[in-house]
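Take a look at the structure set out below.
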Amino acid sequence: MHSRPLPTLGRHAARSVLNSPNFFIGNRAYPLKSSVGAKAILYTAGILGGAFAGYYLFNARSAIHEYLLCPILRLATPDAENGHRAGIFCLKWGLAPKLLFDEDDEVLHVNVFGTKMTNPIGCAAGLDKDAEAIDGIMQGGFGYMEIGSVTPLPQPGNPKPRFFRLPQDDAVINRYGFNSSGHDAVYSNLSKRVTSFLKSYFAKDNEIDKLSLYKNKLLAINLGKNKTGDEVKDYLKGVEKFQSHADVLVINVSSPNTPGLRDLQNESKLTDLLSQIVQKRNSLIQNGNVLGAKTHKPPVLVKIAPDLTEPELESIAVAAKKSKVDGIIVSNTTIQRPDSLVTRDEALKSQTGGLSGKPLKPFALKALKTVYKYTKDSELVLVGCGGISSGQDAIEFAKAGATFVQLYTSYAYKGPGLIAHIKDEVTEELKKEGKTWNQIIGEDSK
């Protein structure tokens, strides 16, 4: 079929428009006095378009991260550990999105360790093992950030592959085995960050007195032991090395990937270990911290496994009370493989290591409820961790006894926007109930 030629008048009109010195919006013509004007409009449109695209790309609330960028990253990195490293690289160098206009609603504020933390959503240990990307992660909206685990000496961890995705379950299995750059390297990273802060304009803000370097947000350092290290001395070395840099110190005795580590959860061993750690912490109080405080007494938390019986959890509560630590994180990864797993690849889901993500939630929540049963009459702070991926999950953990919560695996799957979505969901639900976060802590047991 032959195309129909333009009528004579139409051809003249078309040429007139194409050669017109006017810029058209709809049927209205705006005169362009020169090609310079045309270029200016095009450049302006390009700049505005680029600015909008940049704002969308670097705004943590954008859905593009969960539905496009994170899936692309997973496709580009079949080896999950390479994906982890790529994520840390982006967070470290400012290539990750930030939560713009991050002002938390008052209903999210939580009183913990003498601080009114801006929100109860924390980043769990394991994401940033070597303190490389603290700011990139904190700027996503967390109220609490935990680095590590950090071991005294550098160690490579277990042989690769050691990190596996179960995307159908929003879960991962890891057997990293405390791979760590060691105390000195992590201390150097932390010191450089503090030095840079003290030289900056923000150091003049007297309200920033937390070692996170963010107002009313906390930085925790998770301490581990070397594979062949002494089960007490390694932790004491960590306290001595990092007390001046940490708002909170965490003692990890629950990783399933270091031989014999979970044996430290035995009541007598745990009481002895934690008592010595608290004594070491107390002996260093007068040394102050790197921000110039004359005294500094970071709370000590112990992180436990979910794979414990009620009597074992009760004995941990007893050890925590006897040793006078400040709280318990419930929980680490699980060595169980629940029947609820959607993944059908037996070789994949039977990989040795700790399972985290959505399938961990029922185990962690059950353990938390049990620990709260034996600690609610004390001043111990409980931290909920395991399978949290929504505002409703966070609220469940709070009502079960958690003062605040932590997550990691869901953040890796859904991207930085998850934190804003969780905070929005929690805020909406709390306002619907006419309550604050502080008011719902332990509500299920009242």
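Using N, Cα and C of the backbone, Cβ positions are placed for all residues, glycine too.
Summarising the annotation, Swiss-Prot assigns active site, nucleophile to Ser255 and lists similarity to another entry as the type of evidence. Around Ser255 (active site, nucleophile), the same-chain residues six or more apart in sequence whose CB sits under 8 Å from its CB are Ser149, Gly177, Phe178, Gly224, Leu261, Arg262, Asn332, Thr333, Gly354, listed in sequence order. DSSP gives Ser255 (active site, nucleophile) a coil state; it is part of no helix or strand.
Here Swiss-Prot flags Ala125, Gly126, Leu127, Asp128, Lys129, Ser149, Asn222, Asn252, Lys303, Ser331, Gly357, Gly387, Tyr408, Thr409 as FMN binding site, drawing on similarity to another entry. Cβ-based neighbour count (10 Å, all protein chains) for Asn222 (FMN binding site) stands at 25.
As annotated by Swiss-Prot, substrate binding site applies to Lys129, Asn174, Arg175, Tyr176, Gly177, Phe178, Asn252, Val253, Ser254, Ser255, Pro256, Asn257, Asn332, Thr333. DSSP assigns Arg175 (substrate binding site) to coil in the three-state reduction, placing it in neither a helix nor a strand.
If you look up Swiss-Prot, you'll see 1-13 marked as transit peptide.
If you look up Swiss-Prot, you'll see 40-57 marked as transmembrane segment.
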If you count Cβ atoms within 10 Å of each one, which of the binding-site residues Gly177, Pro256, Gly357 comes out on top? Gly357
Can you tell me how spread out the FMN site is, meaning the largest CA to CA distance among Ala125, Gly126, Leu127, Asp128, Lys129, Ser149, Asn222, Asn252, Lys303, Ser331, Gly357, Gly387, Tyr408, Thr409, in Å? 20
By Cβ count within 10 Å, point out the most packed of the binding-site residues listed: Arg175, Lys303. Lys303
What is the Cβ neighbour count of Ala125 (FMN binding site) at a 10 Å cut-off, with all protein chains included? 27
